[in-house]
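J.: Provided herewith is a single structure, encoded as structure tokens, for subsequent inquiry.
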Amino acid sequence: MWSLPLVRHTDVPQRVTESFILSGYRFPNYSLRQCLASAFHPTNETGNFWTHFLPIFVFAFHFLEVFTWEGAPEPGSPFFYPFWNYFLGVLYLLLASSLAHLLNSMSLIIREICFFVDYGTISAYTVGSSLAYYYYIHPQAGIPEIGFEGQNTSQRKRLNADEETWNSASSPTLFQLFFESLYIPSTCLVAIICVLTCCNTRQRWRRYRYAVRTLVFLLPFFISSTPVFYRLLSPSANSTSASTPHLFCTMAAFFYRHCFWLVVSAIFNISKIPERFSPGNFDIWGHSHQWFHCCTFLSILDELQMIKVEMRALLLNPALVLSPVIPPRLSGPTFWSTYGIMVLLQGCIASIIALFGWQAYQIFAPEQKKLKGD
């Protein structure tokens, strides 16, 4: 089990091969035990596994740091509901990706299902991010009641007076109505479209599959990031951060770095550099998909820091959650508006995966029997 045979690209089914990766392949029909053992044996999937499995612990360390802040609510407080959903989205993404690379050699059918699940968790992550953006970075944040317990009477009077002023403001614009009514539904709809498209690339558009999968996730990025774009581009939104200019600048810096790492990861995923220029020399370590994983995680880490900056600003100055641009909502995050949305989305994604999994079974069952016979 510890000296597993590896084969070349000419000895495995064509759909198992990766561009410019010539050796280090695990032949289909590995047992579960053999797959787990391969995590400690150099194959062309070993680095793909560890570059998303080890970051789980790094992310968890930085995530849990929030609960040690002075004055932070209890971990189970509604204030943290969006943050926990963001954590679950990232956890699903990293865990599903690492396991997909580790277990995909069990059979052709399991390989397809592994990557269907992988695509589904990417979409769940984007919706988790959107929930965090909506409640922590949205111009009005939607958490007007946070921090009230520790405020003095004058602070409460100021906030109540501001709220009355904003409630008497002019009617909301279409842009404001988008945030209020369509932002979260739009991110969920786009997430489902992305899952459908990526799963389709397992059978169609295979020649351009990496480009299609990369480009298709530009749409959820732009949709989910609209609260950030608003904060960065709108002077009226930026004015809400006037009392904490350093924190706002830090948020912007983290977002730009988040975008930078996403662009670099996309370049690696599409270009297949460095193995494109030296086929066979990066089969085990250093090929593009490993760099893609590393850059993707760095983008997530900067995104986490950006969200934490906004959360700290809200905790330090609850008045920031009330924007002069958009009247505040009556209530903040609830169990159903956070966990409920994620559960509903996961149900839709699971149905899509089941559909494509059944199609994969019908397509690959005869070939799988032939491989076992051989």
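Note that Cβ sites are derived from N, Cα and C of the backbone, with glycine treated the same way.
In TrEMBL, annotation is done automatically, which means it is predicted and not curated.
Annotations per TrEMBL:
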BINDING   H101, H289, H293  Zn(2+) binding site
TRANSMEM  49-69  transmembrane segment
TRANSMEM  81-103  transmembrane segment
TRANSMEM  115-136  transmembrane segment
TRANSMEM  182-199  transmembrane segment
TRANSMEM  211-233  transmembrane segment
TRANSMEM  245-268  transmembrane segment
TRANSMEM  336-361  transmembrane segment
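Quick one: how deep are these features, and who are their neighbours?
T.: Neighbour density for H293 (Zn(2+) binding site): within 10 A of its CB lie 25 other CB atoms from the protein chains shown.
Beyond the ends of the transmembrane segment (81-103), by six or more residues, the same chain brings 32, 35-36, 38-39, 45, 48-50, 52-53, 55-56, 59-60, 63, 66, 110, 114-115, 117-118, 120-122, 124-129, 131-132, 134-136, 293, 297, 300, 304, 307, 311, 333-335, 337-339, 341-342 to within a C-beta distance below 8 angstroms of the stretch.
Distant neighbours of the transmembrane segment (115-136): 81-83, 85-90, 92-93, 95-97, 100, 104, 142-143, 179, 183-184, 187-188, 190-192, 194-195, 198-199, 202, 213, 217, 220-221, 223-225, 227-228, 303, 307, 310-311, 314, 332-333, 338, 341-342, 345-346, 349-350, 352-353, 356-357, 360; these residues of the same chain sit at least 6 beyond its ends, with a Cβ under 8 Å from one of its Cβ atoms.
Residues 81-82, 84-85, 88-89, 108-109, 112-113, 116-117, 120, 123-124, 127-128, 131, 184, 188, 191-192, 195-196, 199, 202-203 of the same chain lie 6 or more positions beyond the ends of the transmembrane segment (336-361) yet place their CB under 8 Å from a CB of it.
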J.: Out of H101, H289, which of these binding-site residues shows the lowest number of other CB atoms within 10 Å of its CB?
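T.: Selected from the binding-site residues H101, H289 on minimum Cβ neighbours within 10 Å: H289.
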J.: Would you list the other residues of this chain near Zn(2+) - those whose C-beta lies within 8 angstroms of the C-beta centroid of H101, H289, H293 - in sequence order?
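T.: My list of surrounding residues reads E45, G47, N48, F49, T51, H52, S97, Q290, F292.
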